[in-house]
Amino acid sequence: LEVPQFWPLVEIQCSPDLRFFLCSMYTPICLPDYTKPLPPCRSVCERAKAGCSPIMQQYGFAWPERMSCDSLPVLGDTEVLCMGYNRTEATTLPPFFGKPTRPAKDAAKNLTPLSGQRPSGLDCGRTCKCKAPLIPISKESHPLYNRIRTGQVPNCAIPCYQPYFTQDEKTFATFWIGLWSILCFLSTSTTVATFLIDMERFKYPERPIIFLSACYLFVSVGYIVRLVAGHANVACNPEHHHIHYETTGPALCTVVFLLLYFFGMASSIWWVILSLTWFLAAGMKWGNEAIASYAQYFHLAAWLIPSAKSIAVLALSSVDGDPVAGVCYVGNQSLENLRGFVLAPLVVYLFTGSLFLLAGFVSLFRIRSVIKQGGTKTDKLEKLMIRIGIFTVLYTVPATIVIACYIYEQHNREAWERAQNCSCPGDPLRPKPDYAIFMLKYFMCLVVGITSGVWIWSGKTLESWRR
């Protein structure tokens with residue numbers, strides 16, 4: 001209860017020694033061969049007090065009696081050991097601090113461990129090194145020797161399973177991804193089967209929904225393959241027990257990558273095409289036959305672009321393992337690949353499709369107002385607008401959330417790795433990934449496939465199956 005009261009002082013860095021002093025006071029190091037208490041040294045306390053006590057006095061707080069520097073041992077005392085390290089630079093900051101803009105309680109609530117930055121004086125006397133459960137690569141014969149780094153440490157590999165999550169969280173992740181992949185498979189397979197039974201029913205401009213659903217069918221198969229084969233067999237190097245790096249194989253890893261990446265990117269392009277066909281129908285007044293005459297160009301774009309990107313990833317040996325989901329993808333271990341092969345295309349597709357949708361909706365509202373002025377009923381048009389609106393939300397919201405999750409990951413991944421390899425033991429501000437955000441990402445990657453079945457939920461579908 002006492003420690004959070006000092007967090008606002010840590011936050012404004014009134015003294016670079018304060019956090020070390022608080023950690024050594026409230027969570028002292030325990031040594032197996034030394035049974036006595038190991039308090040901080042008096043010099044550490046005095047430096048922390050010199051920097052922070054003046055600010056505390058501004059708000060009527062005195063330096064706590066329990067933290068009296070006089071009661072602490074002096075560095076170098078042969079009778080009593082203490083925690084301390086040599087410092088020669090000034091430890092108090094220039095007096096430019098104004099009053100904090102929020103109370104101490106609010107500051108403690110809003111203090112979130114995302115930056116991975118540490119006060120300049122807090123290094124615990126340690127250098128960054130490859131710490132367990134991360135796996136050091138020491139043999140020059142290892143194929144990744146001098147080719148990878150984790151948290152500023154060269155020749156340090158991520159283990160097969162995500163090191164930041166508990167065993168219960170890892171188990172739930174398998175259940176969570178498996179559940180939604182199976183539901184996605186059932187929904188999309190029903191949609192595709194309905195289309196194959198009655199192909200004439202689904203004409204342009206809504207036919208791209210069927211191809212989008214087919215793409216998600218194969219994406220769900222990729223996750224189901226991982227579910228059947230197992231995390232380690234898909235995403236991990238069996239010889240060295242770390243995640244796959246910069247690879248084009250083995251075959252199972254490559255198959256899962258192609259199912260997830262190729263069909264995932266193809267689904268995004270089919271959504272852009274869907275938005276385009278709706279715009280042509282609503283805004284440009286094109287008929288079904290006119291739009292269908294360009295179908296071969298739609299297929300060329302939807303399959304050729306993901307093919308080129310998939311070939312590029314394989315040619316550059318950029319496939320790597322996902323230690324959370326246990327699948328092979330691109331950008332799990334390389335931020336450059338994540339930005340170039342995943343984030344940038346998704347942003348471009350979402351932006352382009354949204355422009356077509358916006359233009360289409362504007363045109364639909366204009367048509368509706370003109371028809372109403374002429375005294376004609378607009379029930380069918382309004383139903384079409386509602387269905388388009390629902391499916392637009394059902395795609396754009398998950399796509400936006402997935403992009404946001406990737407941005408969160410690429411922005412913080414280096415800080416998580418540094419915290420693993422460079423932080424002090426027991427650091428209360430040690431950053432780690434938010435488990436819920438990762439689970440949200442995998443859910444949103446599959447939910448569009450589940451909701452694509454909304455388009456076929458009607459009495460006509462039952463009639464098609466009866467025939």
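In case you wondered, yes, glycine gets a Cβ from its N, Cα and C as well.
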Partner cysteine of C45 (disulphide bond, per TrEMBL) from C14, C69, C82: C69
Candidates C14, C23, C82 - disulfide partner of C41 as recorded in TrEMBL: C82
Distal contacts, the transmembrane segment (294-316) - CB-CB under 8 A, six or more residues away: 204, 208, 211, 248, 254, 257-258, 261-263, 265-266, 269-270, 273, 277, 330, 337, 341, 345
For the domain 'FZ' (1-85), residues assigned helix / strand / coil by DSSP: 42 helix, 4 strand, 39 coil
From disulfide-bonded residues C14, C52, C69, the one whose Cα lies nearest C41 (disulfide bond): C69
Residues near C45 (disulfide bond) in space but at least six apart in sequence (CB under 8 A): F21, M67, C69, L72
Protein Cβ atoms within 10 Å of C69 (disulfide bond), excluding its own: 18
